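Working notes, beginning with the structure itself.
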């Protein structure tokens, strides 16, 4: 070189640029130094890509990984809860061979599905067929970003979280429509039509319950719900009928027994999921179970949330309540027979919707009286 | 009460979407690539599943109009609920005129709903 000792890569670059050499030629006096400078180059290149392709700070990587891994774990262990609890109701043991009490069963299922062949039927719409499981799973991952686990823990904190969660849950219908249409099978298509019309009918009731909750909340922030339930009283007590109706609506939303005609496992093979195999099926399956867990989380935040001071205890308490709701889902599946499809729609349009309109006006007038007689001052 | 805002913005949800999409697509593409190395495609596997029979009819058939009617009704009620949001959020600042105008809106929608109910649109 030029008889000069370079201590940093930038000094070397400066000199090479001054001398008209802009190429990255690593002139170093020993092999070790060559490797060192090459490594330094890679390090700087890595930082370049990190800060241009990932947002703002490294906080977001943490949240992305949290959301991804926790959703996968929740969905995986929800399948295990289902199998074990349903088997207990039926007086048998569930899977108990793989790990201690079957703990590693979901991992074994996941690995099996990963290695199976994805059979793409002929004349299937290839783009939509491949897009569907990815779409469903991404939606179920995104919804977990807005759910607060305590007063100060929310992966993507925003004063509009209620609106975002409602919007994302409304988009889940498309996954069903895509999966039915893209498999070139008229049974899956009809099954997806029935499932999607069931889902969109119950979306209306779902939204009306959210209207009631927003009325009581005052703004669109989920953290505010937790705050006033901690201060005053949990929502379960004044809103008792809404809790039961909301539970029924959630069962219908997630196509879950007794509303699971589109995916009746003992009669049809898998309804609209029939042509998916291997990882495609795994993603749809995981999306369904993570939706169940997400709806359980929403119902606990709406009706049962309470914030103890310490964050770690909060997470355990919240997790317990969500798990209890998931177990209730499973016990209902094991206990009740299936509704016929016309009964399902009949319940929604002729019974639940009218009842909810009446309840909405009831709570509306309560709040009206509270504000316009200024009795809310007693709460402060 | 204080909100604790981290550095991320809700507009960064697009990055979350892209990242999740890429990661999950990678897993899926890995599984599709495995297919190429298996090289076993035959008629029984590729045809649609009908409990063992050969597919009877062409799959893209017309479907019942009831599903379309439900979709239209859902659209109308969903838009109605969207109209409710600003009214409910500003509940404490409202006056008599806002209530009356909203009640007229609700009455129109309920009239439509009862018309459907009585004309047997909602029967299956």
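Cβ atoms here come from the backbone N, Cα and C positions, even for glycine.
TrEMBL does not curate its annotations; it predicts them automatically.
Since this is a predicted model, take the numbers as computed values, not measurements.
What TrEMBL records for A:35-55 (among others) is transmembrane segment.
According to TrEMBL, the transmembrane segment annotation covers A:61-81 (among others).
For the transmembrane segment (A:126-149), the residues of the chain that approach it from at least six positions outside its boundaries are 63, 67-68, 70-71, 75, 120, 155-158, 161, 164-165, 168-169, 171-172, 174-175, 178-179, 181-183, 222-223, 226, 275-276, 279-284, 286-287, 290-291, 294, 297-298, 301, 314-315, 318, judged by C-beta separation under 8 angstroms. As annotated by TrEMBL, transmembrane segment applies to A:126-149 (among others).
Residues or ranges marked as transmembrane segment by TrEMBL: A:161-181 (among others).
As annotated by TrEMBL, transmembrane segment applies to A:202-220 (among others). Within its own chain, the transmembrane segment (A:202-220) is flanked in space by residues 159-163, 166, 169-170, 173, 228, 235, 238-239, 242, 245-246, 249-250, 252-253, 302, 348, 352-353, 356-357, 359-360, 363-364, 367, which lie at least six positions past its ends and keep a Cβ under 8 Å from the stretch.
Here the transmembrane segment (A:232-252) has long-range neighbours at 198-199, 202, 205-206, 209, 212-213, 216, 225, 258-259, 295, 299, 302-306, 328-329, 332, 344, 348, 352, 355-356, 359, 363, 379, meaning same-chain residues at least 6 beyond its ends whose C-beta is under 8 angstroms from one of its own. For A:232-252 (among others), the entry in TrEMBL reads transmembrane segment.
The transmembrane segment feature in TrEMBL is assigned to A:281-304 (among others).
Residues or ranges marked as transmembrane segment in TrEMBL: A:310-332 (among others).
Positions annotated as transmembrane segment by TrEMBL: A:352-372 (among others).
Within its own chain, the transmembrane segment (A:281-304) is flanked in space by residues 71-72, 74-76, 78-79, 82, 109-110, 113-114, 132-134, 136-137, 139-141, 143-144, 147-148, 165, 169, 172, 175, 179, 213, 222, 225-226, 229, 234-236, 239, 242-243, 246-247, 250, 253-256, 270, 273, 318, 321-323, 325-326, 329, which lie at least six positions past its ends and keep a Cβ under 8 Å from the stretch. Within its own chain, the transmembrane segment (A:61-81) is flanked in space by residues 54, 94-95, 102-103, 105-107, 109-110, 140-142, 144-145, 155-156, 285-287, 289-290, 292-293, 323, 326-327, 330, which lie at least six positions past its ends and keep a Cβ under 8 Å from the stretch.
Only residues 6 or more beyond the boundaries of the transmembrane segment (A:310-332), in the same chain, are considered here, and those with a CB under 8 A from a CB of the stretch are 78, 81-82, 85-86, 89, 149-153, 247, 251, 256-258, 292-293, 296-297, 299-300, 304. Packing against the transmembrane segment (A:352-372) from elsewhere in the chain are residues 204-205, 208-209, 211-212, 215-216, 239, 241-242, 245, 248-249: each is 6 or more residues past its ends and has a CB under 8 Å from a CB in it.
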